[in-house]
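Written below as structure tokens is the structure these notes are about.
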Amino acid sequence: MKRAAPSVSVMLREVVSASNWTRATGSQTRFVTSSEIMENFDQQIFYLVSVAVIFVVYGTVKLVQWRRRRTSEKSAERDAAKLNVTQQKDEPAGQDDEPEWMETGPHDESDFLFGRLTPLLAAMMPVSIEKRERLTRSLRNAGYYSPHAWQNFGAVWYLILLLPIFGCGALLAIVPEELEATVLVVMIIGTALAWALPSLWIQNRARDRLRQISTGMPDMLDLLNMCVSQGMTVTGSFHRVGRDLKSVYPALAKEMEIVSEQARIGMLSQALTNFAHRVDLPEVLSFSNLLTQTEKLGTSVSQALADYSEGMRQTLRQRADEKANSAAFKLLFPTVLCLMPAVYLFLLGPSVVELGQFFDRGATDALRTEIPSRFIEQ
């Protein structure tokens, strides 16, 4: 009679019990039993479960805080809407003040990167209100004009922050015990970089874009002056200048097109106000106030643009002179820290070597000479 084949579970149990996994320890070899393997595996599973529980608790707390904040924001919006309706009813008829409206986009969920999870992921980022407002301003200066720009950026930032944590946590379950400390160090460094790099990247991007807009402002003013002096309207001049500057200053050309479209469907003064709100530059704010005042007072736009362009070029020259004058002071520290040690080593090195050899020869000669007996008796 044929003996029945053993089951799969019995075979696996026999393989685990008879395993001779070895681990090199210096010149000897130590056998690792199945109980030690299961103990290490249980310890790694405990680490992963602990990390998961911490993130679940943290996510629950942030979700509750986000729901409370959303509820308070919605109630504040309803109260503001009721107050606005009451003020409109109380205003006398025939009042021709300019309507004040803020530049907003579509407040639907079409631009969310991760759908309805986007605001939840962004709310889990442990950032203060001041830092969130600062990053929102940096996103606006960098050219991200979506009303949900902060939610998208916060969601991506949170996922980048989770990547090294869960990646290194998964590695802890498979790496040997002697590599666990290295994986933990990599996880700490990766988490720190994931926390710092996204905000630094968006701030540098905003700084570069503002520098590009500031550099192209004088040329834009000259082109705008040429168009206005030839009989074109200010709105049409913005559209033409934006089209001509697209290949040289793309960021400034985009702003000109936005101003042109908003002025065409609304008012020029409000379009210029939105322009100054989007770009945090004193030159843009002065330019917006200049055109708004010329439109209200009916003065010559061409002459005002020419004077402002000349003043702005003078300001840029003064900034260039200031940077050139401060270059010598900035080069002082690299010179002292990097160049002077090499110069001292080159000039004083041979002298130090010869001085050392001189003392060595003198000490040897003194040891070789006999000491007179009278000095010994004394």
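A Cβ is built for glycine as well, from the same backbone N, Cα and C atoms used for every other residue.
Among the features that TrEMBL reports, transmembrane segment is placed at 45-64 (among others).
The region 'Disordered' annotation in TrEMBL covers 75-102.
Annotation comment: TrEMBL describes 155-175 (among others) as transmembrane segment.
The list of residues near the transmembrane segment (181-202) in space but at least 6 beyond its ends in sequence, with Cβ under 8 angstroms from a Cβ of it, reads 135, 138-139, 142, 153, 156-157, 160-161, 163-165, 167-169, 171-172, 175. If you look up TrEMBL, you'll see 181-202 (among others) marked as transmembrane segment.
In the domain 'Type II secretion system protein GspF' (221-348), the DSSP tally of helix, strand and coil residues is 110 helix, 0 strand, 18 coil. Residues or ranges marked as domain 'Type II secretion system protein GspF' in TrEMBL: 221-348.
Annotation source TrEMBL lists transmembrane segment at 327-347 (among others). Sequence-remote contacts of a segment are chain residues at least 6 beyond its ends whose Cβ falls under 8 Å from one of its Cβ atoms, and the transmembrane segment (327-347) has none.
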